[in-house]
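Engineer: Handing you this structure, nothing more for now.
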């Protein structure tokens, strides 16, 4: 879509549409079309048969397949044509394979039975050997990890190719062609020693030399390039450069197209010296826990039975919570990407880029809490991303229908015409101007050109003027006119009533409008505000994201999408290419539903006392999940596959037979594998859905493996097959009453309908964002962002994993995205409250991981992780009780354990050692610092006794009484002094429980010490255990305490009054029940013999 001349607003229900943009949308650029003489599997030339005619593998449909792929498919694959599924017949000159029909004629016994002499001159030595032998040349193991290629003496060498015209006739050699199709051939090549010379092959004098490629200028140039690379490779081997043979090298002079065929990413397992001790300690800790609980249960405390029982229940709950959190971290991995290989394969210089298009989603609600300048920086970083501009579209969702956001976006589009060419010209990072100009670095380093200095200063002045204009709009928006806002042409702003307004779309930038100052094209920038009417449930952020999915499908329909919060800018301009290394990888990409990046933050104090960075979760838990089925979706910084969001199952892959012993029962093997795969229930599906694709079938260019198993694209007669499997009525019931959108869902590789005009597309876009479009459809249930929780991200990722998809965790060296985090504790607790409330809502919903999704594609340990993510708020009750126990013990003089024996002390000490050892080894393999680990432990207690507790009760009220709770948007970025709000405490009831706990434990410590002084030295021994227990609570609440008394007594008086009152009442109650005064031990009257009468 091109840039629009005006705002398009309308309501499908009211049959209204205003300001239609002009026609002339050229549409997305099509990918390079391949002719019929190119192999549709590997991309090489089809070549000729021994008679000099074009090689035809399948006599039924003449599907273009080269001889090498034909022989490999017959030998290693399904032996069927990829298009018509007809079994390949043996052709003259090919070896016989099991299953071939008996033939009467004897034409070539040598080829038929593969009788050949390896020293025969008809063979060619395979010489193109790449240093990274571990990838791209071998098979694939059960987990999809490429294995090193092993030479097979029964596999003949390649025998087709082209002759080289600069070699004497008596030394003509046949060299396999590696350059066709962009280097996408993936079938294994036979092993040969590169030190051997190229074996000559005689030419048939009866054939024309052109049949062998003789005299080809292109081949001559490629041969010269190949010779040079072979010389470098031979020299590297002679110089002891064999270090690269294990795949660890990074030599750019290795054979080019070998590099282009290599995987785009690889797994990097944690070294065994780091992960194995960690696993051993976990097992030891489980054993120690068993003995510990045996002692605790078998040794109650008679005089403090209630305290003992409460403590044991809390400890058992903590142990179960630890198991749910620990075992998903059993298989942590890291990943590497190869951007150079991605460039070689899909983005060659001087050629049309074949990288997949991507749609960016930015969501915002309230411009007063989410400053427009912050949103503008996010949009600018997207428009300047290092990606082909015709492949990028940015959609900004304004769920508040604010004219301020609309005008700020208009100003941003104008400034982008200057900012984007500056970023790409000098390759600056980051490409958000606010953060680029705030960098405290020497910007002259490696930038010695005087014109860069001048242009940087000029651009900084331009940005300062841009900020002035944005701030002026913000100041103007503070005073709302009584009659409402009006646009520049005097038209009333359609969104004056936030709860009742039509849908609005404005295209600011595009292909035919809004070029930058250098005349280059800019990415599309589209403003979207969905329709809102009273009486409709709009589902907050999840509903806004689903509206963006639909409107983007109508206008651009990119196969991939990336969603960002308005305060998360792109810090690494190559982040999208990092994600494409997984999404577009021919080996693993088809089953990847999304690529999640970690969240990194700016503006956090060095000590991070409120654990805003969440390093433990992003650098430990998420790495562990990546080794199972992938990380959970965290709401931002995630690249999605559009088809996965449409609720389709992941493509089924045919795994090679395992090399395990068949003498064990199947159920025993499953138990040993942690139950990753359960026996699948029999379903009555069409045969076309039951057919599994071979490794070669999934590598095709012409017909990519469709995630649904429902639609096959690109093959003749596919339209008839679609009509037989999926009818239009069912699709409209699933996706909604929009024929244009339904048609877009059938295009796995994206793209819009060329027959539709821009005006009709805009009208359809208004229709799909209407408030009633989702009624009686699967939106929010099976499609898109899932409804039912304020944490829609967890539900959405969970549904995709249940469909068998896997996700990828990508951690580039330069953080991909950065955002802002709440500075003060009150905002941080409200943020955690919202997350915990969403988990409670999921727990009481139909999508609870405890009972949903069995028999699907969700793995066992992945389910553990999801269960942990929704039950953790319930830990707040035992945590609150356990943190209260030290004060009770000190006030009453009792304790939760009896007097410890030597054996009991051994179990207690062993448990403490295992706890510390687990943390230390976890930090060792993950690289997390002890400060971050300890801050995470502290905030686990602070959030547990405040936000998680309130979320639990609010969730119960919502489920039982139907009382809905609303959340407020966390404030993003401000102009205040750095860290000025660090100690600011805003009034919130969340502050009362931790303050009360602090006062209770301080009172308990004072009371315990006073009691010990009154009763003498003997009482000091038991006191140490109680004091340690109390100090454990106080130390975990220390960041809260420091903020409470940190600066200028900013703590609200009402918080202090309520906390003191509750602590005093609680303490006096226990004193009244069981005072800690010394009891009278005088003689009994019956024993003293005195008659008092």
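Backbone N, Cα and C define each Cβ position, glycine as well.
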Engineer: What range among 425-452, 453-480, 481-508 does Swiss-Prot describe as coiled coil?
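Structural biologist: Going through 425-452, 453-480, 481-508 one by one, Swiss-Prot flags 453-480 as coiled coil.
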Engineer: With Swiss-Prot as the source, identify the stretch among 940-960, 961-981 annotated transmembrane segment.
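Structural biologist: Based on what Swiss-Prot states, transmembrane segment spans 940-960.
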Engineer: Among 540, 574, 577, which residue does Swiss-Prot name as a further UDP-alpha-D-glucose binder in the site formed by 363, 369, 370, 399?
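Structural biologist: That UDP-alpha-D-glucose site, as Swiss-Prot gives it, pairs 363, 369, 370, 399 with 540.
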Engineer: Do residue 929 and residue 1013 come out on the same side of the membrane in Swiss-Prot's annotation?
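Structural biologist: Topology check (Swiss-Prot): residue 929 vs residue 1013, same domain name.
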Engineer: Is the number of Cβ-Cβ pairs under 8 Å between the transmembrane segment (989-1009) and the transmembrane segment (870-890) three or more, considering only pairs separated by 6 or more positions?
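Structural biologist: Result for the transmembrane segment (989-1009) with the transmembrane segment (870-890) is yes.
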Engineer: Please determine whether the transmembrane segment (903-923) and the transmembrane segment (281-301) are in contact (criterion: at least three Cβ-Cβ distances under 8 Å, sequence separation 6 or more).
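Structural biologist: Contact between the transmembrane segment (903-923) and the transmembrane segment (281-301): present.
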Engineer: Helix, strand or coil for residue 793 (active site)? Use DSSP.
Structural biologist: helix
Engineer: Nearest of the recorded positions to residue 66 (Zn(2+) 1 binding site) by CA-CA distance, picking from 81, 399, 793?
Structural biologist: 81
Engineer: Please report the Cα separation of residue 69 (Zn(2+) 1 binding site) and residue 81 (Zn(2+) 2 binding site) in Å, rounded to an integer.
Structural biologist: 11
Engineer: Going by C-alpha positions, which of the recorded positions (39, 42, 399, 793) is nearest residue 58 (Zn(2+) 2 binding site)?
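Structural biologist: Of the recorded positions 39, 42, 399, 793, 39 has its Cα closest to that of residue 58 (Zn(2+) 2 binding site).
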Engineer: With DSSP as the reference, give the number of residues of the topological domain 'Extracellular' (891-902) in helix, strand and coil.
Structural biologist: 3 helix, 0 strand, 9 coil
Engineer: Within 10 angstroms of the C-beta of residue 84 (Zn(2+) 2 binding site), what count of other C-beta atoms is obtained when all protein chains are considered?
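Structural biologist: That number is 14.
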Engineer: Cα distance, residue 793 (active site) to residue 399 (active site), nearest Å?
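Structural biologist: That comes out at 18 Å between the alpha carbons.
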Engineer: For residue 84 (Zn(2+) 2 binding site), which of the recorded positions 39, 42, 793 has the nearest Cα in space?
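Structural biologist: Closest recorded candidate to residue 84 (Zn(2+) 2 binding site) by Cα: 39.
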Engineer: What are the DSSP helix/strand/coil residue counts across the topological domain 'Cytoplasmic' (924-939)?
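Structural biologist: With helix first, then strand, then coil, the topological domain 'Cytoplasmic' (924-939) has 13 helix, 0 strand, 3 coil.
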Engineer: Out of 58, 61, which of these binding-site residues shows the lowest number of other CB atoms within 10 Å of its CB?
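Structural biologist: Fewest other Cβ atoms within 10 Å, among the binding-site residues 58, 61, is found for 61.
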